[in-house]
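What TrEMBL says about this protein:
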BINDING   ASN16, ARG27, GLY204, GLY225, HIS226  3-amino-2-oxopropyl phosphate binding site
BINDING   ASP18, HIS19, ARG54, HIS59, THR109  1-deoxy-D-xylulose 5-phosphate binding site
ACT_SITE  HIS52  active site, proton acceptor
ACT_SITE  GLU79  active site, proton acceptor
SITE      GLU160  site 'Transition state stabilizer'
ACT_SITE  HIS203  active site, proton donor
Amino acid sequence: MTPDKFRPDRLRLGVNIDHVATIRNARGGDHPDPVRAAQIVAAVGGDGITAHLREDRRHIRDEDLQRIQDATDLPLNLEMAATQEMLDIALRHKPHAACIVPEKREERTTEGGLDATGLHNTLVPIVDQLHEAGIRVSLFIEANEAQLDAALRLGAPVVEFHTGEYAHAILDGDSERVASELKRISDMCALAAKNGIEPHAGHGLTFDNVQPIAAIPQVAELNIGHYLIGEAIFSGLEPAIRRMRDLMDEARG
Ligand SMILES: CC(=O)[C@@H](O)[C@H](O)COP(=O)(O)O
Ligand SMILES: NCC(=O)COP(=O)(O)O
């Protein structure tokens, strides 16, 4: 497997800028512009931009993708549902990476990982076409062996482990669950790396919970959005990203 050509030497931080667009869309105008957020991510040394073009277009919109790609050289990680419509968009835009995520229209956020096992036949042609277009395919899955095995069978070079349950366990103050979630994610990162798949992680990561995930030695990239955009309201986006970066570096030693 070819390692990611962007900053392979350190734990990468991909900043998900979806929720800049959520605020913009609340008023129907063009402020705040996710493109400006992408430029700040680039200026502050972020390693990539993550944007989820949801089927219902509740935040990022089609036209944002091109604008983001034109505005910065940072690699774009396009999160997308496993549909023909999204595949066509990905093939048109050719982002650096495409992360296939589950989508349920009524959900508030991405509530769990992709069922890469059950969706094998749907995913094969999508993964193959993305591959052929030179787009790095990632699957946003739960950290378990069945899903990792499905990712291997699909030939995905990357998986992103959903850290939502881990984040919830911390909010619930349930230390046993926190420990078991962390072990699950950590074990699956090791197994992914052993099998030549690059493990990423993300969802619900914050200043308070990022370090144990960042400390997992095989994790190559974290994608963090909602919390950073929320913090940006109080501190500005640049200091929020810098602090996240520092916490990640500190955890990595
Ligand atoms: C897949 C995923 O985890 C991200 O897309 C992120 O959570 C973005 O925000 P929403 O899930 O709120 O759309
Ligand atoms: N894939 C996870 C992601 O992009 C960011 O998730 P969140 O930090 O917005 O929960």
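Using the three backbone atoms N, Cα and C, a Cβ is placed for every residue, glycine included.
Since this is a predicted model, take the numbers as computed values, not measurements.
A map of TrEMBL features onto the structure.
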residue: ASP18; record: 1-deoxy-D-xylulose 5-phosphate binding site; contacts (Cβ under 8 Å, 6+ apart): PRO34, THR50, ALA51, HIS52, HIS59, ILE60, GLY225, HIS226, ILE229
residue: HIS19; record: 1-deoxy-D-xylulose 5-phosphate binding site; contacts (Cβ under 8 Å, 6+ apart): HIS59, GLY225, HIS226, ILE229, GLY230
residue: ARG27; record: 3-amino-2-oxopropyl phosphate binding site; contacts (Cβ under 8 Å, 6+ apart): none
residue: ARG54; record: 1-deoxy-D-xylulose 5-phosphate binding site; contacts (Cβ under 8 Å, 6+ apart): ILE60, ALA81, GLU103
residue: GLU79; record: active site, proton acceptor; contacts (Cβ under 8 Å, 6+ apart): ASN16, THR50, ALA51, HIS52, LEU53, ALA98, CYS99, VAL101, PHE140
residue: THR109; record: 1-deoxy-D-xylulose 5-phosphate binding site; contacts (Cβ under 8 Å, 6+ apart): GLY164, HIS203, HIS226
residue: GLU160; record: site 'Transition state stabilizer'; contacts (Cβ under 8 Å, 6+ apart): CYS99, SER138, LEU139, PHE140, ILE141, PRO199, HIS200, ALA201, GLY202, GLU221, ASN223
residue: GLY204; record: 3-amino-2-oxopropyl phosphate binding site; contacts (Cβ under 8 Å, 6+ apart): THR163, GLY164, TYR166, ALA167, HIS168, HIS226, TYR227
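According to its DSSP assignment, GLU160 (site 'Transition state stabilizer') is in a strand. Taking ARG27, GLU160, HIS203, GLY225 as the candidate recorded positions, the subset whose CB lies under 6 angstroms from any atom of ligand 1 consists of HIS203, GLY225. Cβ neighbour count for ASN16 (3-amino-2-oxopropyl phosphate binding site) (all protein chains, 10 Å cutoff from its Cβ): 26. The 3-amino-2-oxopropyl phosphate-binding residues named in the record, ASN16, ARG27, GLY204, GLY225, HIS226, extend over a maximum Cα to Cα distance of 25 Å. Cβ proximity to the 1-deoxy-D-xylulose 5-phosphate site centre (mean Cβ of ASP18, HIS19, ARG54, HIS59, THR109, cutoff 8 Å) flags the following additional same-chain residues: ASN16, ALA21, THR22, HIS52, ARG58, ILE60, GLY225, HIS226. Contact annotation for recorded positions (ASN16, ARG27, ARG54, HIS203, GLY204, HIS226) versus ligand 2: ASN16, HIS203, GLY204, HIS226, each with CB under 6 Å from a ligand atom.
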